[in-house]
Each structure stands twice: as structure tokens, then as C-alpha cells.
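**Student:** Sharing the record's features from Swiss-Prot:
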- 1-57: topological domain 'Extracellular' (TOPO_DOM)
- N12: N-linked glycosylation site (CARBOHYD)
- N35: N-linked glycosylation site (CARBOHYD)
- C45-C270: disulfide bond (DISULFID)
- N52: N-linked glycosylation site (CARBOHYD)
- 58-78: transmembrane segment (TRANSMEM)
- 79-89: topological domain 'Cytoplasmic' (TOPO_DOM)
- 90-110: transmembrane segment (TRANSMEM)
- 111-123: topological domain 'Extracellular' (TOPO_DOM)
- C123-C189: disulfide bond (DISULFID)
- 124-147: transmembrane segment (TRANSMEM)
- 148-160: topological domain 'Cytoplasmic' (TOPO_DOM)
- 161-181: transmembrane segment (TRANSMEM)
- 182-201: topological domain 'Extracellular' (TOPO_DOM)
- 202-222: transmembrane segment (TRANSMEM)
- 223-238: topological domain 'Cytoplasmic' (TOPO_DOM)
- 239-259: transmembrane segment (TRANSMEM)
- 260-281: topological domain 'Extracellular' (TOPO_DOM)
- 282-302: transmembrane segment (TRANSMEM)
- 303-330: topological domain 'Cytoplasmic' (TOPO_DOM)
Amino acid sequence: MGNCLYPVADDNSTKLAIKEDLLIDFPEDYYPDYNETDVEAAAPCHSCSLLNYSSLPFFILVSILGILASGTILYALLRPLFRWQLYQDRSTLVQLAVGSALFSIVVPILARGLSGALITSLCHLAHLVAYGSAFAQALLIGYHACLGPQLGAGQVPGLRLGVTVGLWGVAALLSLPVVLGSDTSQGLCTVTFSGEWETLRYIHAAACFAIFVLLPLGLLGTKGLKTVLGRAPCPWVDVLWVWFIFWWPQGMTLGLDSLVRSKAIVVSTCPAQQALDMLLDVAEALAILHCVATPLLLAWVCYQATHTSPPSLPLPTTQTSHLDTLGSKS
């Protein structure tokens, strides 16, 4: 088979060599005056994928490290000792660790180099778990930034279960386009969006752009606006926001690729198309690495929470007025 740089010669190359020997006797002025620029422009543009068959060790290594790291942080979060030491919303941190572990488990199925007779339903399930867990983690981080300390203090009883079911349900719905667009081609589990599923490509790109790009930008904008206006500290900034660094390029590149495919942006040169394909592979590799980084971020959150005092929350208006009344009486 060869590779992108050094293709292996086949029978056709021998035939071409014979034709060249036969045509060498013709005079140079026999050939018409072709424009070499037009010939190069008409040639097909071929990109060498970074995540090809040789990337299988990368997928397996990331999967093993992700499973070990996620299992370790889950064990730490579920220990009874943490129930009184951890001031953060522990259930949200546990869900983030579970999402990272689920993603780590299905990473080898998504590997380009893992060939074999994969059944289509397993491929669909792998993409559902991978993107469903990624969407859920993004929504959980946004939810934790807005309501985490309040829920940890027990000020919103009965809301935690409903929010959990709702967030994971929305994440599953957002992952349906990529699930339906995935297929087993030549024994590999890939996303093709072929045939009648072509429209789902743009829906999937829009979902990734909204969750992985617009959501963190919205959190940053809200935080900056409230800081300038001197309002409440929500959303709370913590190290979990680093998670979006791993998925933000994925949302951007998928959105750009959709614009190119829909002809909204015209890529007229082959190097530009090759650069876009390379960016897509780099963004995918960076997104895969999040399953190793997420447990480390959770470990840092736990370390900070167990070595600092619980966050101070603003008192409700009724409670503040009641305390003022007691102070005036005394």
C-alpha cells in the first residue's frame, strides 16, 4: 500500500514506463502547448491524514491513561472521607469523571488503525458514548460554574437530580447526528455522513460550535460583564474551564469545514485545503487528549477544595433584613 510520501509502485506504473519508452522517439514539437498551471490546478488534491493507521498506538495509550486516571479520581471522589472535606458540588465532579472514563473506554473503537469486522451498532454506540460524554462534560462545567457552590451549600434542594437527567439527555440528543452519520467502512468505524445523512454533517458542526465555542465564550463574557458592573460573582471561575481548551479547536475547525463544504467559503488552492485537513486532525487529537487531562483537572479542584475554606455565598434578602432587625434591637 505504501504511504502518502512514498507510494508503492503497482502494475500500472510498469505500463506507464513502457508507454514513456515508446513515446520518447516523438519530437518535442509534436505535443501541443499545454499550460502547466492549468494541468496542476486540474490535478486532484490529496491530503495525508495525521490520524491514519500508524496512529493506533496513540489511541490505545490515551485510552489506557484515561481509564487509569479517571478510575483513580472516581475512587477518591467516592471515598466517605471526601463527603465532609469537599465543599464543591461533588456529584458534578463525579459525573465529569464518569464522562471522561466513558470516553476513554470507546477511544480504541474510533481509532483509524483498528481494522476488523466491526458491527455497525457498535460503531454507533461508540460515537454516542464519545460525543455524548463530551457534550455532557461541557454542559456540566457550565452548570457548575453558574450553580455549583450554591448546590454544594444545599440552597437549591431537589434540583440536582433534575439537572443531571436533563443535561445528559440534551447531550445524548446533540450526539444523534454524528451517531447516524457514522458507519463501518472497510472494517473501520468512521464518520462519513454519506447519502441522505449529508445534512446531519452541518447539524453536528453547529452543535459542536455552540457547545465547545459559544458556551465558554458566553461564560467569559458574562463573567467580565458582571465584574465590570460589580454584580454577583456568578459564574465562578475555576480550573475546570481549562477543559474547553481541548474541545474549542474541534468546534472551530468543524464549523470552518462546514462553511467550506457548503461553498460559503471558497478554498481555491490545494495547500489551503491540506492545511484545513491537518487542522481537523490536530483538533481531533487534542479533543481525544481531554480524557487524560480531565482527571488531572478534577484532582486539582479536589486539592483546592480540601485545603481552602468553603466559598462565601451572598445571603438572601429576607435573611439579611432579619439580621439587621436583630442588630438594631440589640
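Indices start at 1 and increase along the chain as displayed.
Every residue gets a Cβ built from N, Cα and C, even glycine.
How about a rundown of where these features are and what they're close to?
**Tutor:** Residue density at C45 (disulfide bond): 13 other Cβ atoms are found within 10 A of its Cβ, drawing on all protein chains shown.
Long-range neighbours of the transmembrane segment (58-78) within the same chain, counting only residues 6 or more positions beyond its ends whose Cβ lies under 8 Å from a Cβ of the stretch, are 51, 86, 90, 93-94, 97-98, 100-101, 103-105, 107-108, 110-114, 285, 288-289, 291-292, 294-296, 298-299, 302.
In the three-state DSSP scheme, C189 (disulfide bond) falls into the strand class.
Residues belonging to the topological domain 'Cytoplasmic' (148-160) score a mean pLDDT of 60 in the model.
Remote same-chain partners of the transmembrane segment (161-181), defined as residues 6 or more beyond its termini with a Cβ less than 8 Å from a stretch Cβ, comprise 91, 95, 124, 127-128, 130-136, 139-140, 143, 147, 191-194, 197, 200-201, 203-204, 207, 211.
Within the same chain, residues 135, 138-139, 142, 145, 174, 177-178, 181, 193, 235, 241, 244, 247-248, 250-252, 254-255, 257-258, 262 sit at least 6 positions outside the transmembrane segment (202-222) and bring their C-beta atoms closer than 8 Å to a C-beta of that stretch.
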**Student:** Measuring CA to CA, name the entry from the recorded positions C45, N52, C270 that ends up nearest C189 (disulfide bond).
**Tutor:** N52
**Student:** Between C270 (disulfide bond) and C123 (disulfide bond), what C-alpha distance do you get in Å?
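**Tutor:** On Cα coordinates alone, these residues lie 32 Å apart.
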**Student:** Give me the stretch from 90-110, 124-147, 239-259 with the greatest number of Cβ pairs under 8 Å to the transmembrane segment (282-302).
**Tutor:** 239-259
**Student:** Fewest other Cβ atoms within 10 Å: which of the disulfide-bonded residues C123, C189, C270 wins that one? Let me know.
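**Tutor:** Among the disulfide-bonded residues C123, C189, C270, the sparsest Cβ neighbourhood within 10 Å belongs to C270.
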